[in-house]
Amino acid sequence: MQHGKKISINRINTDTTMALTPELQTLTKAFSGLGVDEKALVAILGKSHPEERQSFRKATTPHFFKEDERSFERWDDYHIKLLKHEFLRFKNAVVLWTMHPWERDARLAKEALKKGPESYGILVEIACTRSSEELLGARKAYHSLFDHSIEEDVAYHIDGPEGKLLVTLVSSYRYEGSKVKDDTAKSEAKTLVNAIKDVDKRHPNEDDEVIRILSTRSKPHLKEVSKHYKEISGHDIDEDLDHAVRLKETVQCLCTPEKYFSKVSQSHKFCLGRFIEN
């Protein structure tokens, strides 16, 4: 395995690409970058002749293929590993996409519990980015699929304050109207400021008021709380929660989901790179 290679494999010499026929250029693109163009692969490989496939191997050496001392053209191991991973991701994506959303969330939650702490963010994501009815549906699906409640399994697998937070989140049923009491939001913002500021005395994960606010209040209400928090402290809530990963994920999923999903997307790209290099 060569070290230092990048994730993307579409850095193909311009002169080589220009020398390819249009179909071989399409095939080259289908094997390049993050994501595999399934349609292009099936359309071209299904009707190509051995001579055309040989032309592709010759034209893309040493980018996809390499030649040994016997002039034998073989796939580069790095790219085989990449393509296997991409096709697996494609298969998993198709299977998940065809499921009922409730079943999909239930299975994702079960898998997160199996994988351990590095995947617990998925539980936060399901609990905090779904509507109340969607979360209730996922809980019903989990019960049907695994003969346990999701709350029961979360409590069994995750100990301590983090487990308490996650059990409360997955069992919540939030108000989804638009009404917000500004005085209450301001008061709860002060509660959060004090709890996070006093982290040396007690971790915010252990503060019942923090858990109550984040697990029961509506999303519009929490956005107002977040606004008042910044006015009081001068910081966004999530900026002050680097020491409390689950609380940080919870706040981002509830108040700024675009920030959370941007972070997750970048993390997945990094993990793919690590997978390929190893």
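Note: Cβ is positioned from N, Cα and C throughout, glycine not excepted.
Here is what TrEMBL records for this protein:
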- Phe31, Gly33, Gly35, Glu86: Ca(2+) binding site (BINDING)
*So, in DSSP terms, is Glu86 (Ca(2+) binding site) helix, strand, or coil?*
helix
*CB neighbours of Glu86 (Ca(2+) binding site) within 10 A?*
17
